[in-house]
Amino acid sequence: MKTSSNHVHVGYTMSKRVTDELGNIEMDVISVPSSHHGSENLSYVHKVGKPSKKTLLKEVGCIVKETFFADDPLRNFKDQPWSRKFVLGLQAVFPILEWERHYSLSKFNGDFIAGLTIASLCIPQDIGYAKLAYLPPQYGLYSSFVPPLIYAFMGSSRDIAIGPVAVVSLLLGNLLQNEIDPSESPLDYRRLAFTATFFAGVTQATLGFFRLGFLIDFLSHAAIVGFMAGAAVTIALQQLKGLLGVKQFTKKTDIVSVMRSVFHAAYHGWNWQTILIGLSFLAFLLVAKYIGKKKKKLFWVPAIAPMISVVLSTFFVYITRADKHSVQIVKHIRKGINPPSVDEIFFSGEYLAKGFRIGVLAGMIALTEAVAIGRTFASMKDYQLDGNKEMVALGTMNIVGSMTSCYVATGSFSRSAVNYMAGCHTAVSNIVMSGVVLLTLELITPLFKYTPNAILASIIISAVISLIDIEAMILIWKIDKFDFVACMGAFFGVVFSSVEIGLLIAVTISFAKILLQVTRPRTAVLGKLSGMTDYRNIRHYPDAAKVPGILIVRVDSAIYFSNSNYIKESGIHAMEELLRSLEKRDVKLVFANPGPIVVDKLHASKFHEMIGEDKIFLTVEDAVKTCAPKMDLEP
């Protein structure tokens, strides 16, 4: 019946009479013989073993272990003394305690260079991303100081670079401003941001601790590609305000409202000096990015280009006093390290539930992005990434971050790529980056006073362009049209409505696909390959021949109530109905290669007695040989 947990082989054997040309009855082609019928023509047939009986508690335990602890995370603790278990426990929580024993000066050199490189990239990005979240610029820097330190001690990825990211900043800003206007109530707005960050961390840590990371897989890859591309377009459109020097700009994010706002300001709101600065440095950033993409050894060019842009544009504005000619600048950035914010989190009142809802959404998106990035670079360097540990680490750093004036941080793909290409070896590169950010907060922030907003807009636009993966969209179209619908649905939902609607569409279509696959599983009719004992899908293998009198069907899904009407079988009750229906038509039902769970259910329900033990076979070949002993089935 099952070849694996997802495949079902069901054989239908038709008992019919075949007549010769004179109309005389000649022979029975097949009539599902008893186990001894025609035994002289049969080779040895393996039988499916009877499962041992399990108590309810043991059965539940097996299900829990298979679902949540399939990798046996406590295997290293077995047969170890308590002192060793304590050390292993600390290493499990803080992986740095395990790999620091093998750390060397050569590795530190690589991590130090990588840390300096990603710091030069993150500082200007952080200031811009904070504006996306409608927060003062220093909060972006705060979020690249504390969270990376926490992650360096608890994370298992060697390459991921931690900090604010564009998509999460945009999502958080949109959700927060729907509840509180940041210009009218900036204090309450920040408090709600910290509350959302706290619950984002709680969500992430909870998923990791209870090993529920598989939940993020419900958001399909196609939906993520579409959502990210839509978010990139939305973010880029939002930057037209800074790039064009528009003062009065819509708070809506859909493309229609944004473009209406841009063209409405065309005659009186655009500033040519701002446009000149913005477009000039945007071109510089894109060229630098192109150079880094074409020549991998020059990866540092696009990495330092944002900082060069900030320095040059700030100097230019300062000496020309372009701010006196309506060129908008950053102005004040608070000096000093993160102030504590634990007393600013809403643990009660009307904003508690709102902060929880926003935090769960932002936390899930941040988690999806970070895990995807971590897995990508882990596969490139051929090491194992523990997804559940990653979730706990990300959650802990955001919980601590919410108490130290940070908003939601996660893994950044652009920084992680630079980190990887710069030759990082461990998470120490995050510590180095955090140290540079610390020095910036303590010493350099006043120098950003004259940084033009147009530069931040240019940096953000150049950063989010890489989120639009055209090649992935084309590949999705070629592979699965339904996935492409999910991709485009998420994309257009974000672009023409809002990030929340786009996210809702992405989740809805992802679940719809799962339900469709469950209720409409693929089925395959199998045939025998000449000269072999294998049976294959006749659509994929035209040379595979059907066995006369026998229909071999494989159902590529688990069988239960929701797909019973589609394949006419589901669970034990539907099997009984199918058996009775087939018997009325003089068609016999046999099973081949059932999985252990199926065998357990067949015996627990006594269905094996109803169908007969001799109708359950270990392989399709055994089933065919037994049911058609007089046919020439030898390879």
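Cβ from N, Cα, C; glycine included.
Automated prediction, rather than curation, is the source of TrEMBL annotations.
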TrEMBL annotation of transmembrane segment - which of the ranges 390-414, 540-564, 590-614 it falls on: 390-414
Contact call for the transmembrane segment (270-291) and the transmembrane segment (453-477): at least 3 Cβ pairs under 8 Å, seq gap 6+: yes
For the transmembrane segment (453-477), sequence-distant contacts whose Cβ falls under 8 Å of one of its Cβ atoms, 6 or more beyond its ends: 124-125, 127-129, 131-132, 166-167, 222, 225-226, 228-229, 231-233, 235-236, 239-243, 245, 274-275, 277-279, 281-282, 285-286, 289, 306, 309-310, 313-314, 327-330, 413-414, 483-484, 487
Range from 189-210, 222-240, 356-378, 390-414, 420-441 with most C-beta pairs under 8 A to the transmembrane segment (298-319): 420-441
The transmembrane segment (222-240) touching the transmembrane segment (420-441) per 3+ Cβ pairs under 8 Å rule: no
Recorded stretch, among 160-177, 189-210, 222-240, 356-378, maximising Cβ pairs under 8 Å relative to the transmembrane segment (390-414): 189-210
For the domain 'STAS' (559-627), mean pLDDT (0 to 100): 73
